[in-house]
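Peer 1: Take a look at this one; I'll ask things after.
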Amino acid sequence: MKPLIAPSVLASDFANLQSEVEMLNKSQADWLHIDIMDGRFVPNISFGFPVMEAIRRYAQKPLDVHLMIVEPAQYIEQFRAAGADTITVHYEACTHLHRTLQQIKATGAKAGIALNPHTSVQLLEDVIADADMVLLMSVNPGFGGQKFIENTYRKIEILKNLIISRNSKAIIEIDGGVNQHNAPLLLEKGADVLVAGSFVFSSADPLQTIADLKSSAN
Ligand code: DX5
Ligand code: ZN
């Protein structure tokens, strides 16, 4: 099956956000990946609700919202109201992850769990059945344009087995340093969704780059 492609708006030209979103509308992208950073969970600040609402005004595709913030439970309803279709929270930021996933689903959004590169997939054993998606960080969160961490392949294999063994419907998203070189092996190992920021937006032809990622063979 073809992967879902979720270009990360973080790498787009914020001074021309409307035309960037319109380009994504025309592309083969499936979702728009929205990175929210608070300067506490990660050492960087991206953007918040007003910018997300501006993206939503023009976007014709689902918004895949990745919350790199502490205490995300405080803001779930607000992100849903701002247009989030999927809301992903970090395992490392949630004391009551099970409750937070239910809170996300109660808004009507899909619920995702993100894992930092050092966080073991096995920790999801008792919550995987409640997740719609698991996002594996393949760089340390906080910045676009970083180098892909190779251990991710191994994590996908373990996660895939866990999903099957627990009868979970969760899909697997990979975020960080994704490009045309690592996409085929990521898909072969079991990835369903590929996030790509700098690879898409710094390419000469983002539409073609998205199309190439979409047709990556596995
Ligand atoms: C990193 C973000 C990523 C980032 C990916 O903290 O979660 O979504 O935008 O950017 P690239 O594809 O450039 O690594
Ligand atoms: Zn992200």
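From the backbone N, Cα and C atoms, a Cβ is placed for every residue, glycine too.
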Peer 1: Kindly point out which candidate in His66, His181 is recorded by TrEMBL as part of the divalent metal cation site with His33, Asp35, Asp175.
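Peer 2: Site partner of His33, Asp35, Asp175 for divalent metal cation, according to TrEMBL: His66.
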Peer 1: Which of the three DSSP states, helix, strand or coil, fits Ser198 (substrate binding site)?
Peer 2: helix
Peer 1: Spatially, and counting Cα to Cα, which of the recorded positions is closest to Asp35 (active site, proton acceptor)? Options: Ser8, Gly144, Asp175, Gly177.
Peer 2: Ser8
Peer 1: Fewest other CB within 10 angstroms, which one of the binding-site residues Ser8, Ser198?
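Peer 2: Each of the binding-site residues Ser8, Ser198 was scored by Cβ atoms within 10 Å; lowest is Ser198.
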Peer 1: I'd like to verify something. Among the recorded positions Asp35, His66, Gly142, Gly144, Asp175, Ser198, which ones have a C-beta closer than 6 angstroms to some atom of ligand 2?
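Peer 2: Asp35, His66, Asp175, by Cβ distance under 6 Å.
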Peer 1: Measuring Cα to Cα across Ser8, His66, Gly142, Phe143, Gly144, Gly145, Asp175, Gly176, Gly177, Gly197, Ser198, which the record gives as the substrate binders, how far apart are the two most distant ones in Å?
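Peer 2: If we measure all Cα pairs in Ser8, His66, Gly142, Phe143, Gly144, Gly145, Asp175, Gly176, Gly177, Gly197, Ser198, the largest is 17 Å.
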